[in-house]
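Written out below as structure tokens is the structure these notes cover.
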Amino acid sequence: MGHSAVLLCVALAILPACVTGAPVQRQHKLLLVSFDGFRWNYDQDVDTPNLDSMAQEGVKAQYMTPAFVTMTSPCHFTLVTGKYIENHGVVHNMFYNTTSTVRLPYHATLGIQRWWDNGSIPIWITAQRQGLKTGSFFYPGGNVTYQGEAVTMSRKEGVLHNYKNETEWRGNVDTVMKWFLEEDVSLVTLYFGEPDSTGHKYGPESQERKDMVKQVDRTVGYLRDSIKRHHLSDSLNLIITSDHGMTTVNKKASDLVEFHKFSNFTFQDIQFELLDYGPIGMLIPKEGMLEKVYSVLKDAHPRLHVYKKEDFPKNFHYANNPRITPLLMYSDLGYVIHGRVNVQFNNGEHGFNNQDMDMKTIFRAVGPSFKAGLEVEPFESVHVYELMCQLLGIVPEPNDGNPGILRPMLRSGSASLLSSQHHLVALLVGILTCLAKVL
């Protein structure tokens, strides 16, 4: 047997023990809470004493920039994979198949394994492979399997789930506390569908949205009281964040982006369409019709930006994925795309350019690993995954985040930095990569 083959056998023998063996010493658990659609400044026109005290006792970001496209499932998956959307593949809230033209709504898509399990490994599975137990409560992507592995503890919301029930919210918090205490879970992701639902229905500037933010704040207070009541304050780090913001929909008739009214455009030229979902649109023209459809649409409306897939702005980190169609488009802030008929009537919407301030969201963190009274500069949500891996002391999967971006918010010595065991894992992976090229 040659030297390369011997090294390969040794590396393959050692690597599983390093990855799946006893983890480095960890003292702290982690709870990631997402309040869907919580715009970065929602706490500025409402009294939020619990979020305020959390900032005083922990870390607050001026705001957090979500990934593009600013939709619920794609942005939530970025948080737990550390990847831009074009790299993790959950490119839309809706499952779609361009061959069969099947399109499934948001709730149905939550249970479609192949939509989520497409090559990226979320933090639940990474942590479990390194000896930890994890949980997901209503968090998008948390109730399917990845490479055959399921999250240790999981709950999935029903199709007709009432997002607004504050009593249920407290019950969900109680369940999560039991997971930490009775099931020895180290990581839980907890999802609430508000204030997104209220923002959609009534608009982000409405009194109803303001009232819902007060409910969110009361729930934050209940959560922090529960942590203290269960004596977890010294062993549990808490992160509260969101997926995206919200903006008011422009409903002025003369400004509507309506495909069925565009001159020289016909759906007879289209093989597949994904429209009528906020400001994002995807089209597959019929064979030989790409240039014609593109030329008709590219200047069809001053608020609509239409691109060939290969020309879509690279800074969005969105179009370079097999699931993205040959024609891709988005509209300006406040303008939604109507297809064959007008079926969108929300007063609030998201999905827009992630550089628009209305799409920015919140980040708060408190616990034994975080500094107190620190406000940090804005950052991208893609970096949160690396932070969570540091807090849990686990080796991250390959990702697009930078582990140094958020490290300054941690107390000195509190981050579970890579141990010698983790360096050995990296070394062995490097050996395997090199050997694969010569064998």
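Using the three backbone atoms N, Cα and C, a Cβ is placed for every residue, glycine included.
According to Swiss-Prot, the protein has these features:
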| type | residues | note |
| --- | --- | --- |
| SIGNAL | 1-21 | signal peptide |
| TOPO_DOM | 22-414 | topological domain 'Extracellular' |
| BINDING | Asp36, Thr72, Asp243, His244 | Zn(2+) 1 binding site |
| REGION | 69-75 | region 'Required for enzyme activity' |
| ACT_SITE | Thr72 | active site, nucleophile |
| BINDING | Asn93 | substrate binding site |
| CARBOHYD | Asn97 | N-linked glycosylation site |
| CARBOHYD | Asn118 | N-linked glycosylation site |
| CARBOHYD | Asn143 | N-linked glycosylation site |
| CARBOHYD | Asn165 | N-linked glycosylation site |
| BINDING | Asp196, His200, His350 | Zn(2+) 2 binding site |
| CARBOHYD | Asn264 | N-linked glycosylation site |
| TRANSMEM | 415-435 | transmembrane segment |
| TOPO_DOM | 436-439 | topological domain 'Cytoplasmic' |
Query - Per-residue Cβ crowding (10 Å cut-off), top of binding-site residues Asp36, Asp196, Asp243 - result: Asp243
Query - Intrachain C-beta neighbours of Asn264 (N-linked glycosylation site), sequence separation six or more, cut-off 8 angstroms - result: Val296
Query raised in the report: Cα distance, Asp243 (Zn(2+) 1 binding site) to Asn97 (N-linked glycosylation site), nearest Å?
Result: 25
Report task. Rounded to the nearest Å, what's the C-alpha distance separating His350 (Zn(2+) 2 binding site) and His244 (Zn(2+) 1 binding site)? Just drop the number here, would you? Result -> 7
Query raised in the report: Of Thr72, Asn165, which of the recorded positions has the most Cβ neighbours inside 10 Å?
Result: Thr72
**Report entry** Number of Cβ atoms other than its own within 10 Å, given for His200 (Zn(2+) 2 binding site)
**Finding:** 20
Query raised in the report: Within 10 Å of the Cβ of Asn143 (N-linked glycosylation site), how many other Cβ atoms are there?
Result: 19
Report summary line: Expressed in Å to no decimal places, the gap between the Cα atoms of Asp36 (Zn(2+) 1 binding site) and Asn143 (N-linked glycosylation site) is 18
Query - Integer Cα-Cα distance in angstrom, His244 (Zn(2+) 1 binding site) to Asp196 (Zn(2+) 2 binding site) - result: 9
Query raised in the report: Can you count the other CB atoms that lie within 10 A of the CB of His244 (Zn(2+) 1 binding site)?
Result: 32
